[in-house]
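Straight from Swiss-Prot, here's the annotation block:
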- 15-57: coiled coil (COILED)
- 148-460: domain 'NB-ARC' (DOMAIN)
- G191, M192, G193, G194, L195, G196, K197, T198: ATP binding site (BINDING)
- 580-604: repeat 'LRR 1' (REPEAT)
- 605-628: repeat 'LRR 2' (REPEAT)
Amino acid sequence: MVEAIVSFGVEKLWDRLTQEYEQFQGVEDRIAELKSNLNLLKSFLKDAEAKKNTSQMVRHCVEEIKEIVYDTENMIETFILKEAARKRSGIIRRITKLTCIKVHRWEFASDIGGISKRISKVIQDMHSFGVQQMISDGSQSSHLLQEREREMRQTFSRGYESDFVGLEVNVKKLVGYLVEEDDIQIVSVTGMGGLGKTTLARQVFNHEDVKHQFDRLAWVCVSQEFTRKNVWQMILQNLTSRETKDEILQMEEAELHDELFQLLETSKSLIVFDDIWKEEDWGLINPIFPPKKGWKVLITSRTETIAMHGNRRYVNFKPECLTILESWILFQRIAMPRVDESEFKVDKEMEMMGKQMIKYCGGLPLAVKVLGGLLAAKYTFHDWKRLSENIGCHIVGRTDFSDGNNSSVYHVLSLSFEELPSYLKHCFLYLAHFPEDHNIKVEKLSYCWAAEGILEPRHYHGQTIRDVGESYIEELVRRNMVIAERDVTTLRFEACHLHDMMREVCLLKAKEENFVQIASILPPTANSQYPGTSRRFVSQNPTTLHVSRDINNPKLQSLLIVWENRRKSWKLLGSSFIRLELLRVLDLYKAKFEGRNLPSGIGKLIHLRYLNLDLARVSRLPSSLGNLRLLIYLDINVCTKSLFVPNCLMGMHELRYLRLPFNTSKEIKLGLCNLVNLETLENFSTENSSLEDLRGMVSLRTLTIGLFKHISKETLFASILGMRHLENLSIRTPDGSSKFKRIMEDGIVLDAIHLKQLNLRLYMPKLPDEQHFPSHLTSISLDGCCLVEDPLPILEKLLELKEVRLDFRAFCGKRMVSSDGGFPQLHRLYIWGLAEWEEWIVEEGSMPRLHTLTIWNCQKLKQLPDGLRFIYSIKDLDMDKKWKEILSEGGEEYYKVQHIPSVKFEKDYK
């Protein structure tokens, strides 16, 4: 609902006015009036959100409030920034500008007055058109829809599922938990909407083994808005005789509790709670359960941790989506009429098209059923082809805002969206920026959220922007709205994506809320522009973008280019940006600039917080870049041999992420000592900056250092000594340079107690002993070290290591040995470009958890170790093409890898 999103914006604006109140000397009365009006808006939005009204008039009022909030926020921030700029100017200049200051404040007061008038008009319109009554009416209809849905779920608890496909194994497993596992009392079935959780629970509920095991059975659908008393009444009615129904309805809550507690204590009962939404809902219900073990509970929910806290006798079961084959079987039952009992009537061409369409369902049973229903009454190839052309919208089934189809994919999945807190609604809608199947990087996403004010200050508590953003992703994953897995080495969510059906809902919601304007194809003519009033604009895979011609919204706050072609760049034209002074996010990944220069007009974007020029084709940055004092994210790792960077970064005190160019002229000097809030600093070079500048950066989590002139190890380690939060350290030197070989003789700084990832690209013929490495190291990468001795006997004693990379000439010897008991946690091993390596011995008992093994471009290695046969955990093996003949089925070494599910031969370095 847009009300929740706008309400979030009003709250942020209110907080800003409160925090910056001392800045508004001379206009205090106007600010007080504005805060009073904001209070009125907050009350209205709170009411509209709580009652979930969907009328067009209410939406119109809310949209107008949203525009007012955006404009007010921009106006206030512009005033504060200009005031700060004046304070930084010299005394003489200040004296000469006193008159200008008075004029500026008068203009600001006038602007506030204009905003207040707009608020008053919205409030007047709400009274004139009876908006408050519409909200109340909408609340009643929303409640009726919820009640109807609850009744449907309750009615079908004992129904037979004619379209039950692919769940037999799951039913057996769940029945086992309930019937055979005495130590398990609570079983939850969790997953995204439409996955078939309720269908699965029905099969378990009606299973003969379950009926035989339990004396009493109860099925209770828990609506989103329920009372504890009502739920307890339904449980008692289910568990007792029908004659007591009226008596139960007369009971008070305390009496219900006592009756249920005693009943569950003295009988073997199973209670199914279908569709619990919140952990606190379960907390309200569960006081009726006694400590004794006779009872069991089966829960269905979209939230994975619904009954987890404080309960050791709990197991969560997460069904997987249907396979393509299972989806096809389910689809046939619904879409294709039978010729006889064993055969479906279907044209071969239609079958091929049907199989293509079900792929779009992503294995979601509800989506497959909806698709089957849509095609059941369509009998020609032409009908099927026409539907396939816009399959996403057809399956999701979104109509207008008053859509009452409770079984549509849109309705089922959008319930999860409506249940989100306001800030997470923003986060979810932001994912509409990205194309289908795009791997969304969580770190960059977190900084975009922070730049737009979506990350709430109350969630920081000393955490980094990345930490807070990741906690939001974790919450969306827990609610089964986003798909992401933690990286085994970092234990972080590195990337995420959406299920195809959830993405369709995300796009539709974003369109409803006018959240972002998505451009996949540029306007066909030079005179056409992208219409629309959204404050966010994303262009997906453009070949050319002419900013001043193609974008006509001066209130734009976010401009993102999502570019997925790794080999080519796209052209950026008309890039003065002067008309887009309110931008907060600007992502120009792989842009090719006119004249290879970043325009000086970039300095006018004083609101900018996020600027990404990663792999852009630009040779020179303007000194006006220093005006961007609100930047928290700056990536200038451009795709040119040498980038001119003016010494203008010192004033960017808010920077949290700075990625410098990999190659910069040694004449360029950059002062960085003021950037004490940095959390990530990449491509720092001793050729362009002083190691002394690092000493104040105590908040760094990630640091990449390039050593290009003689530096003692004492000087280097003294610079990073105070970085007690450092997790990821990379050190590189010029290729083959031996003057830094003593840097690592005694190992890395032991004071770096949180260091988890270490990347060394330097000449280092001897590896330090294992005691000279941080004890919690999970990942190490060695590149160009020219190690003479086998590194594995040392590395395998680092007990927390989960990833090892040996890159080009990391080891120059001939023989490596992996010992029994070595690398107990290792998950991934990458070996590339070891030109002299001939033999690898793997003892039985080595690397017991290895999942991925990659060996490329090791020309002298003639055979894989026999010990690979004993590593049963390996799932992926990736080799050069030259190995294909001997490792494929029938090959002389196939017996060593036949237990590995995925063996690939992708590269050839001959």
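Every residue number used here counts from 1 along the chain in the order it is shown.
Heads up, the Cβ atoms here are built off N, Cα and C, so glycines get one too.
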For the repeat 'LRR 1' (580-604), give the DSSP counts of helix residues, strand residues and coil residues.
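Split by secondary structure, the repeat 'LRR 1' (580-604) comes out as 8 helix, 7 strand, 10 coil.
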State the count of C-beta atoms found within 10 angstroms of the C-beta of G196 (ATP binding site), not counting that atom itself.
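I count 28 other Cβ atoms within 10 Å of it.
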Around the ATP site formed by G191, M192, G193, G194, L195, G196, K197, T198, list the extra residues of the same chain whose Cβ is within 8 Å of the site's Cβ centroid.
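Going along the sequence, the neighbours appear as T300, R302, P319, L364, P365, L366, V412.
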For the repeat 'LRR 2' (605-628), DSSP counts of helix, strand and coil?
5 helix, 5 strand, 14 coil
Name the secondary structure element type, per DSSP in three states, that contains K197 (ATP binding site).
helix
Sorted by position, what residues of the same chain at least six away from G191 (ATP binding site) have a C-beta under 8 A from it?
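For G191 (ATP binding site), the qualifying residues are K197, R302, K318, P319, N480.
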Using Cβ-Cβ distances, find the residues under 8 Å from G194 (ATP binding site) that belong to the same chain and are at least 6 apart in sequence, listing them in sequence order.
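Non-local contacts for G194 (ATP binding site): L364, P365, L366, A367, V409, V412, L413, M501.
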Give the sequence-ordered list of residues that share a chain with L195 (ATP binding site), lie 6 or more positions from it, and have CB atoms under 8 Å from its CB.
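Those within reach of L195 (ATP binding site), by Cβ under 8 Å and sequence separation of 6 or more, are P319, C321, L364, P365, L366, N480.
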State the count of C-beta atoms found within 10 angstroms of the C-beta of G193 (ATP binding site), not counting that atom itself.
22
